[in-house]
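I am attaching a structure below and will ask some questions about it afterwards.
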Amino acid sequence: MCFFFRQLTCKRKIIMLLSHQLVLLGFGTVNDPVRIFSFANKEIFFLHKIQTCYQVVPEPSKANGGNFLVDDRNKYKSMWIRTHSTVWMIGGFALIVYMGHLYITAMVVVIQIFMAKELFNLLRKAHEDRHLPGFRLLNWHFFFTAMLFVYGRLLSQPLVNTVTSDKFLYQFVSNLIKYHMAICYFSYIAGFMWFILTLKKKMYKYQFGQYAWTHMILIVVFTQSSFTVANIFEGIFWFLLPASLIIINDIFAYIFGFFFGRTPLIKLSPKKTWEGFIGASVTTIISAFVLANILGRFKWLTCPRKDLSTGWLQCDPGPLFKPEHHTLPGWITQWFPWKEISILPVQWHALCFGLFASIIAPFGGFFASGFKRAFKIKDFGDSIPGHGGITDRMDCQMVMAVFAYIYHQSFVVREGISVEMIMDQILTNLNFEEQQTLFMKLGQILQERLGHA
């Protein structure tokens, strides 16, 4: 259709040029050398116009050799930029993990703030915002209210365990936890009233659109990514393994697509290929089994954090992280020097993580791709060279974090009541005097039982 309209435009130009030539032919004489020279120049210009008019212009999508990375002429340059950024990100990520639970939690909070900033900016319009002074602050008010509610519930018990030794701080924190839900509710109501009072005529549609957009970000983005913090305090292992598998899957999908990608995978993301998807899936599942064995042997990665201190942890790793030795069949020992292998039970759980990270989690990326197409943008931001924005790198991580938490709570955590659970309930729900009374009564009961024995 575009070529048809191009032909019509060319024909119009040719008719206009021909009519100009007829005018030229009707004036002047061939004995005038100046007029002959001028006429020759115009003929050359005329022919050049016809040639340019019918010249085929390549499609923008094919300018670099096609949609696939394997056909992109600039792929090595983009690969170098992407690799350079990836090395820096992995190095920084490894350093923060080494520093411990609190630093990882702080990293997650910073990432959430940058993601919220990128997404808030998508629907903002400078003209409307100029007529609504202070309206942008309302988005952040709802964001930090949600942060207070979610992290207040996730970190309440570690906070209590941290200040138990100080009576004043313990009483203060206990009251905050007791009224935490009410504080968050009235903070949200204050934001709701603020929104109603800022409504302006002819701006209602824009303001209500921003209100709905903010809540969508809080539900879809912030709430999902907050499960990451819950995984961290269950043990860095349960955060590090899922996050690493997403990184591995992303890297190898890029590598396999870079060198072998020919078959398109999904229309929402034209550069995704079946070769990249299958190659990354196999690599991720194998990596999950091997990586779980490596990470599971470090106690400071497997121990849950019960307070907000920053020291290294030592604990009983539990049966999941105690190696089991399996004797290999005779036909294997004939070809290889190993007679038995050591496997951690958690490695079988890791296979489920690998399957999810390679098959289900990429749909978070497809969702983000469709989202960007809807808004006609290439990336959510430009803070990471070669990758886009923070949100572009966290789309699959959010889906994986929720799965890791649900899987851990459903299939890993042992059922029943433990001493730690009872102690947590006592420290959270009883004040200091009630705890003393419980201690004295429990002591009397134990003395009576020892006397009868």
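Every residue gets a Cβ built from N, Cα and C, even glycine.
Reproduced below are the annotations present in TrEMBL:
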- 12-30: transmembrane segment (TRANSMEM)
- 87-116: transmembrane segment (TRANSMEM)
- 137-156: transmembrane segment (TRANSMEM)
- 176-199: transmembrane segment (TRANSMEM)
- 211-230: transmembrane segment (TRANSMEM)
- 236-261: transmembrane segment (TRANSMEM)
- 273-295: transmembrane segment (TRANSMEM)
- 346-368: transmembrane segment (TRANSMEM)
Going along the chain, which residues at least six beyond the ends of the transmembrane segment (137-156) come within the CB cut-off of under 8 Å?
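Residues 109, 112-113, 116, 120, 177, 180-181, 183-184, 187-188, 190-191, 194-195, 198, 210, 214-215, 217-218, 222-223, 226, 229-230, 233, 308, 428.
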Applying the under-8 angstroms CB criterion, which one of 176-199, 211-230, 236-261 scores highest with the transmembrane segment (87-116)?
211-230
Going along the chain, which residues at least six beyond the ends of the transmembrane segment (236-261) come within the CB cut-off of under 8 Å?
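Distal contacts: 68-70, 75, 79, 82, 86, 90, 97, 100-101, 104, 228, 271-273, 275-281, 283-284, 287-288, 291-292, 295-296, 300-302, 346, 350, 353-354, 357-358, 361-362, 396-397, 400-401, 403-404, 408.
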Report, as numbers and ranges, which residues of the same chain sit near the transmembrane segment (176-199): CB under 8 Å and 6 or more residues beyond its ends.
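Contacts of the transmembrane segment (176-199) (Cβ under 8 Å, skipping residues fewer than 6 from its ends): 132, 134-135, 138, 141-142, 145, 148-149, 152-153, 156, 159-160, 207, 211, 428.
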